[in-house]
């Protein structure tokens, strides 16, 4: 018997990331090849025509799993009974815009969306914030949805995780699929800290295999941190397809499990690893039965502490920058 359809809300539905994302969701890549989905697409009033065009293309693919599509500019319609909410739309930074202005503009969007999720979404809704600054936008949405469990709100660090995996595979000569136990700590920004001290490839320690502190410090960490900027420089456009792919990976693993493998998610801190409670911070997790669980008890050396504190300082600054815009 066919499963009942799951409702997947996607914001910024007329945008580039959504264009790479929606067809894969409709194809079963997000929730499984036997799980029908209803797409609930949100974008601004002036983008409704463009969303309709995307939906025409979705129709033309005749996806067996696509059980319905809703197009709206009202968050309460988009998030109604949503099982998954992918918050892709955000205010991009325009020329001459200060970071604090960007934070304020996004706080406005994510307080409204958090409140709408609070009011109408499934109580088990899995929320992934992709729109930047993703960690702080997720924090704002979480704080604006007091009736939903905090653990439902996550930010995307999977793109950083996947970028780090590919750099490690290239450096070590090992297949990317063989690399396990990679962690990426902190904010989805150039300050985040990709950490392969615990990583293995085909059972061997990557730290011993690579054995190059200078490469780690001067090449690996900055390359992963600045990869988005490098892609814009090369292509003239931001990394939309790889971001969409990372969003699929993040939610698929959260829903369907990781079989004990580590992945990175930005999740509300419980105070572990010296990160203040509620800060949405990238940590290694495993997923099982629709729940994520942080990897506990990892040793933090002096270099790692410095890196983790550096990215935390940025997150605290962002949090303080939006505090006056939040009710609680």
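Yeah, the Cβs are placed from backbone N, Cα and C, and that goes for glycine too.
Going by Swiss-Prot, these are the annotated features:
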BINDING   12, 13, 14, 15, 16, 17, 18, 106, 113, 130, 131, 132  NAD(+) binding site
BINDING   93, 99, 132, 163  substrate binding site
ACT_SITE  188  active site, proton acceptor
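Feature map: Swiss-Prot annotations on the structure.
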residue	record	DSSP class
12	NAD(+) binding site	coil
18	NAD(+) binding site	helix
93	substrate binding site	coil
99	substrate binding site	helix
113	NAD(+) binding site	helix
131	NAD(+) binding site	coil
163	substrate binding site	helix
188	active site, proton acceptor	coil
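Residue 12 (NAD(+) binding site) sits 21 Å from residue 99 (substrate binding site), taking the C-alpha atoms as the reference points. The subset of binding-site residues (14, 18, 93, 132, 163) lying with their Cα within 10 Å of the Cα of residue 188 (active site, proton acceptor) consists of 132, given in sequence order. Its Cβ placed at the centre, residue 132 (substrate binding site) has 21 other Cβ atoms within 10 Å. Highest local Cβ density among the binding-site residues 16, 113 belongs to 113, counted as other Cβ atoms within 10 Å over all protein chains shown. Scoring each of the binding-site residues (93, 99, 163) by how many neighbouring Cβ atoms lie within 10 Å, the top position goes to 163. All protein chains shown were included, and the count of other CB atoms within 10 Å of the CB of residue 14 (NAD(+) binding site) stands at 21.
Cβ neighbours of residue 18 (NAD(+) binding site) (same chain, under 8 Å, six or more residues apart in sequence): 10, 12, 41, 54, 88, 89, 244. In this structure, the C-alpha atom of residue 14 (NAD(+) binding site) lies 18 angstrom from that of residue 93 (substrate binding site). If you draw a 10 Å sphere around the CB of residue 12 (NAD(+) binding site), it holds 24 other CB atoms from the protein chains shown. For the binding site of NAD(+), formed by 12, 13, 14, 15, 16, 17, 18, 106, 113, 130, 131, 132 according to the record, the largest Cα to Cα distance is 20 Å, rounded to a whole number.
In this structure, of the recorded positions 131, 188, the smallest number of CB atoms within 10 A of the CB marks 131.
Here the Cα atom of residue 131 (NAD(+) binding site) is found 15 Å from that of residue 99 (substrate binding site). Among the residues the record lists as binding substrate, namely 93, 99, 132, 163, the two farthest apart have Cα atoms separated by 25 Å.
Note: the CA-CA distance between residue 113 (NAD(+) binding site) and residue 132 (substrate binding site) rounds to 15 Å.
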